[in-house]
Structure formats: structure tokens, C-alpha cells
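> Below are the features listed in Swiss-Prot for this protein:
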{"type": "ACT_SITE", "residues": "Asp280", "note": "active site"}
{"type": "CARBOHYD", "residues": "Asn61", "note": "N-linked glycosylation site"}
{"type": "CARBOHYD", "residues": "Asn211", "note": "N-linked glycosylation site"}
{"type": "CARBOHYD", "residues": "Asn252", "note": "N-linked glycosylation site"}
{"type": "CARBOHYD", "residues": "Asn322", "note": "N-linked glycosylation site"}
{"type": "CARBOHYD", "residues": "Asn354", "note": "N-linked glycosylation site"}
{"type": "CARBOHYD", "residues": "Asn387", "note": "N-linked glycosylation site"}
{"type": "CARBOHYD", "residues": "Asn442", "note": "N-linked glycosylation site"}
{"type": "CARBOHYD", "residues": "Asn523", "note": "N-linked glycosylation site"}
{"type": "CARBOHYD", "residues": "Asn542", "note": "N-linked glycosylation site"}
{"type": "CARBOHYD", "residues": "Asn658", "note": "N-linked glycosylation site"}
{"type": "CARBOHYD", "residues": "Asn690", "note": "N-linked glycosylation site"}
{"type": "CARBOHYD", "residues": "Asn712", "note": "N-linked glycosylation site"}
{"type": "SIGNAL", "residues": "1-19", "note": "signal peptide"}
Amino acid sequence: MKLSWLEAAALTAASVVSADELAFSPPFYPSPWANGQGEWAEAYQRAVAIVSQMTLDEKVNLTTGTGWELEKCVGQTGGVPRLNIGGMCLQDSPLGIRDSDYNSAFPAGVNVAATWDKNLAYLRGQAMGQEFSDKGIDVQLGPAAGPLGRSPDGGRNWEGFSPDPALTGVLFAETIKGIQDAGVVATAKHYILNEQEHFRQVAEAAGYGFNISDTISSNVDDKTIHEMYLWPFADAVRAGVGAIMCSYNQINNSYGCQNSYTLNKLLKAELGFQGFVMSDWGAHHSGVGSALAGLDMSMPGDITFDSATSFWGTNLTIAVLNGTVPQWRVDDMAVRIMAAYYKVGRDRLYQPPNFSSWTRDEYGFKYFYPQEGPYEKVNHFVNVQRNHSEVIRKLGADSTVLLKNNNALPLTGKERKVAILGEDAGSNSYGANGCSDRGCDNGTLAMAWGSGTAEFPYLVTPEQAIQAEVLKHKGSVYAITDNWALSQVETLAKQASVSLVFVNSDAGEGYISVDGNEGDRNNLTLWKNGDNLIKAAANNCNNTIVVIHSVGPVLVDEWYDHPNVTAILWAGLPGQESGNSLADVLYGRVNPGAKSPFTWGKTREAYGDYLVRELNNGNGAPQDDFSEGVFIDYRGFDKRNETPIYEFGHGLSYTTFNYSGLHIQVLNASSNAQVATETGAAPTFGQVGNASDYVYPEGLTRISKFIYPWLNSTDLKASSGDPYYGVDTAEHVPEGATDGSPQPVLPAGGGSGGNPRLYDELIRVSVTVKNTGRVAGDAVPQLYVSLGGPNEPKVVLRKFDRLTLKPSEETVWTTTLTRRDLSNWDVAAQDWVITSYPKKVHVGSSSRQLPLHAALPKVQ
């Protein structure tokens, strides 16, 4: 027997849900239309005013990419020249501009998470936004909160932040604010449950020898999707994000870019998202179906790259003309796109792209792939870096986690002989950008691989920075960057005052395989003989310091407690200032204050939550059952009584801190926001007209492979090229999908990020934090809540901050808990509720160092 979504979800309170019980994604129609609520009001009105002047083909032009490698950006829509609206330029990545030049390479999202610093997250976002804007880019394809990081070996975890939804949500939102305050539309991606690279695309899987009919399905219950994977996207919507990218995977066997439950219900009806949903590149699988399910923009426009075919473009024009897609739906798409454009002030900053993603040549054809159009200047070589190296260097240092320190750090600079050991300390012999999309692990790891990358303007290696430091102090420094030269390593380590050993572990996007790792990591071990390299040094030098550059946790059990391993640092993926950032920490110019954004287990088995690496459904879509529910990372370790080597939130400092004086105060806060019980009717703007209004303009020189909105003739069937044109829509259009009448507002909806009551501040918590050491440093107070239910995690992170304190200085850190912070998702009520179970608050320096705790008073 297959259960309904709600029945299956309800079972998770007491049991594990089977694959069959999660095999269905319930329909939700019609697609909610934007209404300009909250901070969107002005942008919405401007969007309505301009869209009201557009013809149908002009609206369609905004919704459909012009094709892969046709124009300068990785994605570009058509424009509306008649109204002085250029095509939108969309460009990767979450850590800087991909396929460009004279831009910065920022630290990855996982490093931002390690800072636990809201202000730094904002400043990084703002700096990236400035660079994108200066290059003529309208939409940055980032940041990412999907993957969240369900499995530690997931290939693209590093593009996001942390497997904790609260930590991710806060830093996700701050990044978005920074990008959009710089005048660029941010894209929250990949929505949703995009937690592994294996089987994410049919053609990609075929390249690795797997014959599947459809992409992997992430099968999840209603409670888990709300409390874990949707949580950071709610923060993004509340922050005003302009765009959301839907993902390649299926959710409960319905594709992410045509899943009416996740797009229409969760995103637009519950969270009140007012911006536009774009497809990931190649994630668009239908025309009418995706339009009615809530997709607003097709990227890059063609069905497969350079196929000259599109589910939208001409076919979307036809679908509106023949009534299959109602006018209000395409109007809503256009309004959402233009509202996002106006909200960030892009109209004031707009300029055409001044670079080409496809060539570094100064001159070339305007339309790259077909080599057609005017021959013109395509690269203007605009330097957009400003002074961003400063925030990059600071973020790199402030994200370096001191995992272990037996009084070995900081270095004094007086060390007579310094050994630098490991390939990860040095340069890529091919050059910093020598591997396309960073698809190799040569030299120091400062950025992982895939589309989520940027070109380095330069890369300061650890070897370069440390050598400069040692020579400044008249010492001696030697480097061995061959991880297999163990005999030479042993000899040098015996002579050294300190041995700095550099190791790494890489991962990335599934279209690139590095050393047999097809995007996802094959394991959590160090790459390139790293464990043996460390042991060779530690067995011969009593002051061995290990530096790890990695995309996530690695297994350190073989050597972390070696008596000669005196310190361990995790530096993540620190970007272009890698060596300088590290030297700042090693030599004490920066006191490390970072905290691990994930758990370091003793074994891979300790994490559970294995990736699906082999077919498990014949040649059908592989099935990935999220049967662990909300118990990932530290939540799972706590549930299974697994003792980690380093817990979530752990990180040492060159000073010490004390936490005391926990105080709790109930607040009489209540939202004054009036939430309507029903929406208005779906608005329409302008007239549709007739087929004769939308045939190709006379005299137009068509560009090969370019995706246009026009018709070849007034014969809609002939223009569509669809052999199934004319089938009975009653059999294929879901019930209610075209209904533009007023709709009920969901109990969990009614505002940006959900019902405004969720954000009522119910309890104030204050704690005294004191620097008890002899140097200034950063404390990161962490507040966790026990929600009390018998099947809830032991604790869940809810609040945090990063505080700089001088020696002996103390401060009172105050934060508030909202209704959302204290609630669980009720699958029967389809709403957030504060349960009657007793709740506690815990405060300390990590998920397992929580000296302060108290019962919370009951609130509603």
C-alpha cells in the first residue's frame, strides 16, 4: 500500500519511511501569482507597469534563454528593445565570476560557514556583487544552500555552507543581501534536495556507463523537507532573494523544475516568494507542465545544448495563443523577472556584458557558437577587483579552524629551520587556472572544481607566503612538494624546528572526474598519500603542524593524536589569498576564531547517509531515500551516541573564553501583520492578440541555433513542430492548473519566508562572555535548543554570533528566539506549531561544549 504524502510524513515521528511510501509528490495548483507583498511593493508596481506595455512575444523573450554559447554569458535571455530593456546576463558562480578575467577568486561558501560571521558573509556577497555588476552581469548564479550537506562526501557541499540549516540560512541570507545591495540579482540554488552528483543527469550518467531513463529521485517526508532542506530557502526568501534555481534531481519522483509541490506550494504559496524561478542548465524537461508547475525562466533556453529546439520560446507563445497556458501565467513570469530586476536597482546600473565567456580574444563574432553576426569587440578586459583582496585575505584567515594546538601556535618567527612538506603547499605546475573549471588536484587546493568556480587573478601559495615570512626573520626554509618522496621528507623533518605538512581532499561537479572521483568523493581519506606524508614527518619531527585544505571533513584518526602532531588547522578552500591568510594565522597576526561547520567523525560509517552510487531501480530513476529524516551531521552523531573526533562548532583560539550568567526573559511580542485569508484573482496585463501578430518579423536575419519567441506561420501546429500537438488537454493539464480565481492563503504562508507570526520574538536570552586569556580574540557563542519531542534531535542550533574581545574584556551577548526557532512542522495541520513538550536552551562554544543550560518557559 502506498501512503499519501501526509500519512507518510506523519509516520516519521515514530518510524522510518520506506521508498514506496515516499514515491509520490502531490500536485499543487494553480501556480501562485506575485502580489508585491512587503519590500517588493515598489518593484512589483514598476514591473506591472512595464509588463503591461509588452506584447506576448516580448514577455516570452524574457522567460527564455537564447541558447547555449550564443551570447556572451553562460545564460542570456532575450530583451525588449522597444522598451529599452536589454537581455538579462546570467553568470556563475557562488564564489566569483566564472569564465572571465581580471576578477577575484573568493573563498568558498564552506569557508564563510566556518567564520560564523554574519558581517563577513555580507561583505563577501557585496564584493562579489560589485564585480558582477562591473562586468555587466545582471544575475549572479549563487549563493548555494543545495546541497545542504546531507552526506559528507557530496561533491558540491563546499559551494554551500553547512549541513546545519540554521547556520546555512543566516549566512545564505547575508550573502544574498550583500550581492543585491550591490545591484545584482542573487540566485538561491539548487532548489531542492540536490544532495549528490551521481545520477543527477541522464546523459552525464551515460558517460560513466550507467543507462538510466530519468535522474535520481530524492525521496523525503514532509517534516524533514520543512525542518531541514527548506529552512535556509525560507531565510533567502525573507532576505528578498530575486531568483531561485531549481535543480536537476527529482523530488519524490517529480522533476525539480516541474514539481508543483516544491515550486507552487512550498516556495510560492508557503514562503511567499516574489521573484522568479529559473531552471538549472538542462533541468527543463517539459513545456506546458513546467510553466503550470511554477517555472518562470528556461535556461539556457534550448532543450539540449545548441539543439535549436526549446520547450519554451516559440512553443510558449503557442501555448498561450491556444489557451493551454493561461495569459496570467506568462504575465506572472514576466512580472516576477522584472520585479527582481527593479528590486536590486539593476535598471540604474545596467550595462551590456563587457566580456565573453567563450574566448579570451579581444575581437570575435557576436554570436559565438555559430560564429555569426557582426565581428566586434567581445572582451574589454575590465579589471573589477577593486580592493577585494583585503576581504578575501581576512575571510581566509577568519575561516581557518584551529582543531588542535599543543602550544605549537602561533609561531614566533624565530624558528631556525622550517620544513614545508606536501604538494598542497605549492603551485599547480599547469598554472593556477591550468585545469578547466579547476578540474584537477595539482598544487595547493584553494578552490574545488565545477561550474561553481572562478578564474584566479593570482594565487598566493602557502609555500610562497611562509617562505617570505621565514626569510623576513633570517631563518632557513626548505620545501618538498612530492607527497611520495617519503625518504626525503623523513630526512628534512629530522632537521627541522617545525614541519608544516600540507594535505588536501577535493571534490566538485559531476561533469568532471578527478582521479576517479566523479564529482562526489569516493571516500573521506586524504588524497595523494596524505596520511603517510603526515606520519613520515611526525615520526621524525616533534613539532609537526598539519594544514588541511579540503571540501569538507576528512578522516584523521590515523594521526591526529600522534604526540608529535602538535597542531592541526583546517583552511578549507580559501581563494586567491590562500597563503597570506594562512600565514596571518600561523604567525599570530590573526587569532583564529573559526568554528568547524561540520562534524569530524572517526570513520565514514559514523555519518550514515550514504550516497547512491549504483543503480537500485533497474534502468529507471535511482531512488535515494532520506530515511534518516532530520538526523544528519551532529544531529545523527548525537542520536547514535557516536563520539566524533571534532564536533560541530569546535574551534580553538590563542586565548580562552568563559561563559556565564545565562538569563531568560519572556517577551510579549506579537506580529501586527494582517495576513489575508484569500488572494486576489490572477491579474493579466495587456492583450494576447492573434497568431498573425507573432510570426517572424520581415527582414529578420535569423542566427543559427538562436531561440526566438516567434512563429514560422499562423498554423500553430506547424509552427510547434510537436508531433503530439492537439492532444486533449483535459487528459494532460492537471486539475486547477489554469484556474486564476482567488485562492486560499495557506496557514503557513502570508508573508516573505512564511507566516509573519513565525518571526515573532518570544524569548530573550543573554549570556556573559569573557576573554580569560592574554591576547585579543574572537568568541563564537552558540545557542542550541532542545525541542523536547521523543523523536527530536538532542539539540539544534538556533543562534550564534562572533564577538571580538580584548584580554579580560567581558560582554553580555543577547539574542532572541522566535516562534520559528521553537516550532516543529505539523504534517497534519500543515503548519508550524510549538509542541507541548518541555524545551531547553543550551549555550556554549560548540555542539558538545554547552556549559550553560536552562528550561524554557512555555510560550505559544
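Using the three backbone atoms N, Cα and C, a Cβ is placed for every residue, glycine included.
Just so it is clear, the model here is predicted, and its values are computed rather than measured.
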> Cα of Asn442 (N-linked glycosylation site) to Cα of Asn252 (N-linked glycosylation site): how many Å, rounded?
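That comes out at 39 Å between the alpha carbons.
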> Which whole-number value in Å describes the distance between the Cα atoms of Asn712 (N-linked glycosylation site) and Asn322 (N-linked glycosylation site)?
16
> How many whole Å apart are the CA atoms of Asn61 (N-linked glycosylation site) and Asn690 (N-linked glycosylation site)?
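Answer for this pair: 17 Å between alpha carbons.
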> Going by C-alpha distance, which of the glycosylation sites Asn211, Asn322, Asn354, Asn542 is nearest to Asn252 (N-linked glycosylation site)?
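Going through Asn211, Asn322, Asn354, Asn542 one by one, the Cα closest to that of Asn252 (N-linked glycosylation site) is Asn211.
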> When the Cα-Cα distance from Asn354 (N-linked glycosylation site) is computed for each of the recorded positions Asn211, Asp280, Asn690, which gives the smallest value?
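Checking each of Asn211, Asp280, Asn690 against Asn354 (N-linked glycosylation site), the shortest Cα distance is to Asp280.
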> List every residue in the same chain as Asn690 (N-linked glycosylation site), at least 6 positions away in sequence, whose Cβ is under 8 Å from its Cβ.
Leu321, Thr714
> Have a look at the recorded positions Asn211, Asp280, Asn387, Asn658 and say which one has the shortest Cα distance to Asn523 (N-linked glycosylation site).
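With Cα distances computed to Asn523 (N-linked glycosylation site), the winner among Asn211, Asp280, Asn387, Asn658 is Asn211.
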> Rounded to the nearest angstrom, how far is the Cα of Asn322 (N-linked glycosylation site) from the Cα of the residue listed as 'active site'?
28
> C-alpha of Asn387 (N-linked glycosylation site) to C-alpha of Asn658 (N-linked glycosylation site): distance in Å?
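Approximately 36 Å lies between the Cα of Asn387 (N-linked glycosylation site) and that of Asn658 (N-linked glycosylation site).
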> Reduced to three states, what secondary structure does DSSP give Asn658 (N-linked glycosylation site)?
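In three-state terms, Asn658 (N-linked glycosylation site) counts as strand.
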